[in-house]
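Scroll down for the structure; my scribbles are underneath it.
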Amino acid sequence: MAEPLLRKTFSRLRGREKLPRKKSDAKERGHPAQRPEPSPPEPEPQAPEGSQAGAEGPSSPEASRSPARGAYLQSLEPSSRRWVLGGAKPAEDTSLGPGVPGTGEPAGEIWYNPIPEEDPRPPAPEPPGPQPGSAESEGLAPQGAAPASPPTKASRTKSPGPARRLSIKMKKLPELRRRLSLRGPRAGRERERAAPAGSVISRYHLDSSVGGPGPAAGPGGTRSPRAGYLSDGDSPERPAGPPSPTSFRPYEVGPAARAPPAALWGRLSLHLYGLGGLRPAPGATPRDLCCLLQVDGEARARTGPLRGGPDFLRLDHTFHLELEAARLLRALVLAWDPGVRRHRPCAQGTVLLPTVFRGCQAQQLAVRLEPQGLLYAKLTLSEQQEAPATAEPRVFGLPLPLLVERERPPGQVPLIIQKCVGQIERRGLRVVGLYRLCGSAAVKKELRDAFERDSAAVCLSEDLYPDINVITGILKDYLRELPTPLITQPLYKVVLEAMARDPPNRVPPTTEGTRGLLSCLPDVERATLTLLLDHLRLVSSFHAYNRMTPQNLAVCFGPVLLPARQAPTRPRARSSGPGLASAVDFKHHIEVLHYLLQSWPDPRLPRQSPDVAPYLRPKRQPPLHLPLADPEVVTRPRGRGGPESPPSNRYAGDWSVCGRDFLPCGRDFLSGPDYDHVTGSDSEDEDEEVGEPRVTGDFEDDFDAPFNPHLNLKDFDALILDLERELSKQINVCL
């Protein structure tokens, strides 16, 4: 950078010294100086002797001590003077000589403008090559440089103070040199010097983003001297301020357009500008706010904590969201609650995406927030995609009668329900948390596709699907996606009436009455619901293992088997919202299904075995018939010295009728010191000695007979009790 400046400086000094000589020489010779055609060995143009002497003058010591140059050096500042004198020697060696071989740069005048806006002359384009017919005083610029056209002789002679203007420019050289040294390496400056453009502004990479706007350029591309800097386009533009609130279109979702049927695919760019109208309560402190963005109920983006202002909160947040079948965009304003140490929603707004981007790709909206506030945002949809072509449903989402008609399964129950229920009852009744846990989503997607292809070919063996939760999840997904729920509106009303008429905790319903509740359903729905209720009743019977009581099963299957909204409810207050109605419906769903499961019989349990109670109850014995021999035997009570048997033994019952099957332990299970066999007494021996007749017959060899002589004490007490019972019947005995 310093070399061209030195060449320019000394060329101007040299031009001032050559001007009188050229005039005198021209008058003497009468013809202008001519220069021969340049040649590679001798690039310096030939001139007369007087001109050559003048050209070599500045390089000699005498020329350096000329009074004009001394005056010029005295006018410079000390730092500029030292810089000019220190760089003069290498400049003389490289630039001020008669010519540099191999470069093709002859010695001549070099014009250079360090400050472009101060030079009123526009830059001229560099000629492609040297022109042989040019004058000697004009000179040739170095290759790759873009000098301005030199001034004419008339302008040079008429200039009142060329030395003064040059000195002013030379004062700026140190600062310009320092700035250019910070721009980059020398190689970068060489590339800029070799650029074909003649504009110093593009060479110095100046930026116009910091300058004020100047007047427009003229037709010739020139600008006024004080028009400011130009820009090369690499510098960033000054960011524009936020748009005014009047440029945003007010937007509010009506109550009848909560669920649009269409969907949207693409990339959504959302820029938040601010929140307005959030007026805190009187005396409340500023709150920490944040904004949460949801797409179809799923949280997708969130801002950091923001300090809420009195009325308006300025935002500058941009989010890029991928949309897949998106319908609703919801913005929630969350406020920090120090009591529970968490954020709570204080306002929310909803945007219907398909209707917003209908016919346009960008919208600036002022979204109305509930209960108060406005959200200023710009929504831009890019890379919009068409809705993917969905295949016709074959199992999931197909009406139940149509699926049964296509598959023709046994029992009018779809194959997917039959196969899933069979596998669950075979290997899942004792699994803890059945129907509560969720299986792998990838495996469920694979099984779902298999059912869509061919339900009859699906095998749910334990080797292929060892996780029973995958099968339970597929069953619940199928029931959830039915167009019409299994428990329809008429059945729902019938069950509610039955619950009000016969509560299960007061009067247990009968089997016929519970099954009769399903008579209002069509055949296919009734068969399918009957199979499911039988299955759920069987699962609840194993609640000791799987912890799935009827109440837990009702919680899992209530929202699946019943519709989302059963009956129109009364209009509620605006503050309650749809959440309260959904909670009430969910509670009713659980109660209805719980009632059905409690009162539903389980036909797959084994039927009750024959009643075993008669074996334990005392039988009504027929009257005792005693076989009488020829000598008539008279039965009379025998006197006892002791008291009668205690009352506890009077109703001990007849143990002799129980038989061997009821007492498998044999005859000796009551053997012990108090139940030894009683032998005959002395009185009996005396009677035998006297010769009284002895009762003989079939009872003598029968060990089970009541008069067996091998009776124990307990049997004897039972026999006495029987005799006393028979005597109390007023039987006439012949004496």
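Heads up, the Cβ atoms here are built off N, Cα and C, so glycines get one too.
Swiss-Prot records phosphoserine for one of S66, S159, S224, S609, namely S224. Feature annotation from Swiss-Prot across S39, S60, S244 places phosphoserine at S244. In summary, of the candidate residues S235, S645, the record from Swiss-Prot lists phosphoserine for S235, whereas the others have no such entry there. Between S79, S208, S231, Swiss-Prot assigns phosphoserine to S231; no such entry appears for the others, which is not proof they lack it. What Swiss-Prot records as phosphoserine, among S134, S155, S683, is residue S683.
With DSSP states grouped into helix (H, G, I), strand (E, B) and coil, the domain 'C2' (249-366) comes out at 4 helix, 72 strand, 42 coil. Comparing R436 (site 'Arginine finger') with S244 (phosphoserine), their Cα atoms are 53 Å apart once rounded.
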